[in-house]
Amino acid sequence: MIPVSCLLEVVFDKIRYSRDTKLSIMVVLLGVAVCTVTDVSVNAKGFIAAVVAVWSTALQQYYVHFLQRKYSLGSFNLLGHTAPVQAASLLLLGPFVDYLITNKRVDAYNYNMTSVIFIALSCTIAIGTNLSQFICIGRFTAVSFQVLGHMKTIFVLIMGFFFFGKEGLSLQVVLGMFIAILGMMWYGNASSKPGGKERRSHSLPTTRHQKHSGLLESDEVDEKV
């Protein structure tokens, strides 16, 4: 997700990353890989699913930032406009996809009070997740959101150790968490510095009326993001 999001920003937004920012992102990726990657086998179906998931999610998050920046939309406004479309697409496509994967029909499921409560809870959490995503991406960028999102992965691992035992805890996992956290701290510091992460915008020469001289002025601005 992070490399693809960086690529989208470089290609479409003309973002420039400093060397420290690039290295910090690599450290984050290394730390998360050390503590989470356990299976490196690849097959065609899994590879295609991974590519579709990564690119669709990256494009969606980039588009969220683009819409908020272009139209000055707030998080609630954007969520209000996109949620109905997402809900309609899921209602139309979801049952068919479920049937293709599980060979079970959604309407044939035996619903009870427990399942309904968990469905409602899941929907509530999804609303909070989408809202927090829009707030974070709108305030920062999709890359920053992904870097911060890896902290969630670390918290999931830590909570798993507390609630489900420590059999998965090892020196490799602890080392990976430590490296990832260091990378996140480095990224925050590096990207906030002048030149750490900037948008390069080229403006055409413009003629400005000067009080003391009629000179042509051409501005080339580095806009910090």
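The count begins at 1 with the first shown residue.
Even glycines carry a Cβ here, placed using N, Cα and C.
As annotated by TrEMBL, domain 'Sugar phosphate transporter' applies to 16-187. According to TrEMBL, the feature region 'Disordered' maps to 193-225. Per TrEMBL, transmembrane segment is recorded for 23-40, 46-64, 76-97, 109-128, 140-163, 169-190.
Confidence annotation: the domain 'Sugar phosphate transporter' (16-187) carries a mean pLDDT of 85 in the model.
Most Cβ pairs under 8 Å to the transmembrane segment (46-64), among the stretches 23-40, 76-97, 109-128, 140-163, 169-190, belong to 140-163. Within the chain, the transmembrane segment (23-40) has long-range Cβ neighbours (under 8 A, six or more residues past its boundaries) at 2-3, 6, 17, 143, 147, 150, 153-154, 157, 172-184, 186-187, 189-191.
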